[in-house]
Amino acid sequence: MLNMIRMDFYRMIKTKSFYMVLLVFLVMTAISTVLCKTELEDAKIQQSNYESTLEQADTQTQTTNVGISVILPTKPGEKASVYDMFYANVQGKEVALFLVIFAVMFSLADFKSGFIKNIGGQARKRFYLIASKTIVLTMFTVILFVLFLFFQALCNQVILGYLKWGDTGDLLTYLGTELVLHAAFAIFIMALSIIIQSNAASMILAIALSIDLAVILYSMFDRFVQKYADVDFHIMDYLVTGKISALPMAAQTSDIQSALLVSAAFIVGSLAVCGIVFQKRDMN
C-alpha cells in the first residue's frame with residue numbers, strides 16, 4: 001500500500017498537468033486580486049458586495065450562484081484582508097474548479113497509459129489502487145490550499161500594497177473545513193471518472209458540478225420533494241458543493257459539524273461505489 005502511494009505521488013509530481021494546473025490557478029488568483037482592487041476603489045461596488053455578503057449570512061438557505069462569482073466581503077472603508085480574498089475565491093468556486101480539473105486528469109492518466117492494467121493484476125486488492133489515488137489526491141488538495149493561501153498573501157502585498165491577514169482563528173477554521181469539503185469533492189469526482197472511464201464526459205461533468213450548472217435540476221428536485229413530502233427541503237444542504245458555497249466566514253460549530261458530516265458521507269459513498277465497480281470490472 002505504501003509503495004502504491006509513493007508511486008502515485010511520484011507520478012503526480014512528474015506530470016505536466018500538476019504544474020500547469022497550479023500555474024494557471026496562481027495566474028487566475030493574481031488576476032482576481034487585480035479585479036478586486038478595482039472594486040475596492042469603487043465605494044458603490046464595495047457597499048453592494050458587503051450587503052450581498054450580509055444577506056447571504058442572514059439567509060438560512062443560501063442562494064446558489066451559477067458559475068464563478070468572486071464577491072469580496074470586505075466592509076466599506078476597511079482594507080481587504082487575506083482572509084477576505086481567500087473566502088471570496090473559495091466561495092466563488094474558483095478553487096473547486098481547478099481542483100476537479102486536475103482530479104479528472106490524475107484519475108484517468110494511469111488508465112490511458114496502461115499502468116492500471118499492468119499493476120492491477122499484481123495488487124492483492126484492487127481497492128488499494130483506489131485508496132492510493134484518494135490519499136495522493138488529498139495531498140494535492142492540501143498543496144493547492146497552502147499554495148493559494150501564501151500566494152494570496154503575496155498578491156495582497158504586491159497588488160493591494162498592504163498585508164492584512166484578518167481573524168487568524170476564523171481563517172484557520174474556515175481553511176480546514178473547506179479543505180475537507182474540497183477533498184471530499186475531489187474524491188467524488190475521482191470516483192465518477194473511474195466509473196465512467198471517459199476523459200471528455202468526466203471533465204464536462206466535473207466542471208458542470210463544480211460551478212453548479214445543475215442548479216436547475218436541484219431546484220426541480222427541491223420543488224418535487226416539497227410538494228409531495230410537505231417539508232422544507234433543499235438538496236444543496238446535503239451536497240459538498242452546496243456546503244463549499246454556504247460555509248460562512250465566522251463558522252459556528254453546527255456549520256462545521258454539518259460540513260464534515262456531508263464530506264464524510266461523500267467520501268465513504270464515493271469510495272464504496274467506486275471500489276465495487278472497479279473490483280468487478282475487467283482490466284482493459
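Using N, Cα and C of the backbone, Cβ positions are placed for all residues, glycine too.
What TrEMBL lists as transmembrane segment is 95-115, 127-151, 171-196, 203-221, 256-278.
Contact between the transmembrane segment (95-115) and the transmembrane segment (256-278) is not supported, since fewer than 3 Cβ pairs fall under 8 Å when only residues 6 or more apart in sequence are counted. Under 8 Å from some Cβ of the transmembrane segment (256-278) lie the Cβ atoms of residues 126-127, 129-131, 134, 173, 177, 180-181, 183-185, 187-188, 190-192, 194-195, 237-240, 243, 247, all in the same chain and six or more residues away from its ends.
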